[in-house]
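Here's the structure, in structure tokens; my notes come after.
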Amino acid sequence: MAALEDGGLDCVILDLVMPGTSGTQLCERFDRFRRRRGLFFQIVILTSQEGDDRLTASLTAGADDFVGKSQPMDILKIRLMALLRRKYMVEDHLARLSPPMPSA
């Protein structure tokens with residue numbers, strides 16, 4: 001969570017099966033956290049538990065994308081690149097909208 005608080009992460013990759021909690025619950029926590037703090041990092045679910053019900057639950061919990069482990073890793077790489085490209089475009093757009101800080 002410290003890396004998230006610093007705004008130092010662009011993306012978090014979660015599995016649905018995690019020790020002590022479910023990936024869906026953790027996804028919900030991360031999504032609430034980023035909304036409260038106004039942070040813009042991506043949440044991707046990478047899991048072997050594929051299926052429409054898991055996909056729906058993950059996206060409803062706040063995931064930005066869902067990739068099955070049965071898919072080639074190239075698919076994960078391409079999807080991450082697309083998510084990050086959109087993230088950087090939004091950040092760039094927001095930076096252009098923000099008024100410049102007055103110099104001291």
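Yeah, the Cβs are placed from backbone N, Cα and C, and that goes for glycine too.
Automated prediction, rather than curation, is the source of TrEMBL annotations.
Assigned with DSSP, the residues of the domain 'Response regulatory' (1-84) fall into helix, strand and coil as follows: 40 helix, 18 strand, 26 coil. Taken from TrEMBL, the feature domain 'Response regulatory' applies to 1-84.
As annotated by TrEMBL, 4-aspartylphosphate applies to Asp15.
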Surrounding CB atoms that lie within 10 Å of the CB of Asp15 (4-aspartylphosphate), all protein chains: 14
